[in-house]
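J.: There's a structure below that I have some questions on.
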Amino acid sequence: MREVISIHVGQAGIQVGNACWELFCLEHGIQPDGQMPSDKTIGGGDDAFNTFFSETGAGKHVPRCVFLDLEPTVDDEVRTGTYRQLFHPEQLISGKEDAANNFARGHYTIGKEIVDLCLDRIRKLADQCTGLQGFLVFNSVGGGTGSGLGSLLLERLSVDYGKKSKLGFTVYPSPQVSTAVVEPYNSVLSTHSLLEHTDVAVMLDNEAVYDICRRNLDIERPTYTNLNRLIAQVISSLTASLRFDGALNVDVTEFQTNLVPYPRIHFMLSSYAPVISAEKAYHEQLSVAEITNSAFEPASMMAKCDPRHGKYMACCLMYRGDVVPKDVNAAVATIKTKRTIQFVDWCPTGFKCGINYQPPTVVPGGDLAKVMRAVCMISNSTAIAEVFSRIDHKFDLMYAKRAFVHWYVGEGMEEGEFSEAREDLAALEKDYEEVGIETAEGEGEEEGME
């Protein structure tokens with residue numbers, strides 16, 4: 001089997017995780033107590049969903065995941081929630097005091113005490129796997145736990161499981177909506193290790209997802225539950241081919257191979273279509289061409305950045321439901337003729353497509369309409385550099401005055417780490433700039449380079 005272990009770190013990671021496992025259970029017909037009436041083989045079995053769930057002798061399906069937080073409240077929601085019987089109590093790890101939005105607490109002082117326990121639990125999960133494929137890590141980089149403990153854990157996973165790929169689903173700070181004053185510090189420090197220790201990072205940001213909920217689902221005041229359910233659909237589409245059988249299946253390492261042209265350039269934009277409320281879906285015919293087009297709309301992007309300001313290097317389209325390869329090819333051909341969607345000149349093909357026959361599932365009573373087909377796009381675009389430059393700018397404003405730095409130094413960090421991380425990100429912005437420069441023809445640009 002090609003198993004995948006999911007690791008949910010900090011409040012954002014756990015809440016997104018909750019939405020994901022709720023959706024995975026619905027997709028596979030697994031009840032909140034872990035029983036799966038449709039599954040006839042007791043024990044292991046070589047079913048496709050075993051990549052994400054392990055089976056006990058009693059026929060109970062247990063998610064291959066751990067939830068980690070430095071304070072108990074968010075973990076307690078899982079312990080008392082609908083799916084409390086689904087998880088093994090040892091999979092929910094929480095500390096006593098939180099990271100207080102401080103990267104240094106999550107990475108050095110408090111995180112250090114809990115990280116070995118986390119790795120033990122992960123080792124137990126890994127030992128149950130016959131062919132571990134890699135890890136999915138869910139966190140946000142604005143807070144203290146997601147950024148600090150998340151980074152620490154990624155660094156340790158690189159040591160313990162060197163060759164295994166790590167995909168990050170990372171919630172980045174939004175341009176307007178902020179949850180903490182020190183977000184820019186935490187994000188820069190955390191991205192520094194995401195650069196080195198993840199193979200692919202999918203960037204999400206709350207504001208972009210809020211806007212999608214407001215605009216497409218007519219939810220006036222979206223809650224985190226609305227946001228997370230939408231994010232869960234994206235993650236479900238990306239992992240559908242690991243959990244179901246389909247025509248063009250895509251495995252975790254295939255993402256890397258097709259999306260990452262250079263090791264550092266691995267921050268992805270994602271979008272999902274159709275995001276549509278039940279009232280509207282009834283009146284619309286959503287063809288493959290239409291959902292493909294809307295996946296490329298700047299407004300569909302799950303991070304606040306405009307792909308029209310950059311060029312695409314590669315792009316993965318994961319279709320699910322009633323889709324045939326012929327329609328996909330036609331839709332992609334149309335996209336290629338559009339002038340607004342530009343690819344870098346050194347990557348002429350640029351598209352990888354996957355098709356999975358399992359139609360999209362929605363949470364009953366949720367906001368999304370049940371549709372016949374959906375597409376999730378994950379793309380590598382030079383425009384993502386906007387997200388970094390925005391955070392870097394905020395970082396610079398605070399760091400010039402050394403504001404709030406004493407909180408980090410007091411937890412055992414050195415001031416040099418700030419400048420080191422900041423330089424790394426400056427280099428990353430430059431990398432993105434260089435990748436987008438025309439190679440052969442642009443004469444004028446060459447002169448500007450010298």
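Cβ atoms here come from the backbone N, Cα and C positions, even for glycine.
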J.: Given Swiss-Prot annotates Gln11, Glu71, Ser140, Gly144, Thr145, Asn206, Asn228 as GTP-binding, which of Thr51, Thr179, Thr253 belongs to that site as well?
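T.: For GTP, Swiss-Prot names Gln11, Glu71, Ser140, Gly144, Thr145, Asn206, Asn228; of Thr51, Thr179, Thr253, the listed one is Thr179.
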J.: Please state whether DSSP places Asn206 (GTP binding site) in a helix, a strand or coil.
T.: helix
J.: Ranking the recorded positions Glu71, Glu254 by other Cβ atoms within 10 Å, which is at the bottom?
T.: Glu254
J.: Sorry to bug you, but what's the C-alpha spacing from Lys40 (N6-acetyllysine) to Ser140 (GTP binding site), rounded to the closest Å?
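T.: Ser140 (GTP binding site) and Lys40 (N6-acetyllysine) have their Cα atoms 39 Å apart.
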J.: Fill in the CA-CA distance, Gly144 (GTP binding site) to Glu254 (active site), as an integer in Å.
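T.: Counting only the Cα atoms, the answer is 32 Å.
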J.: According to DSSP, collapsed to three classes, what secondary structure does Gly144 (GTP binding site) have?
T.: coil
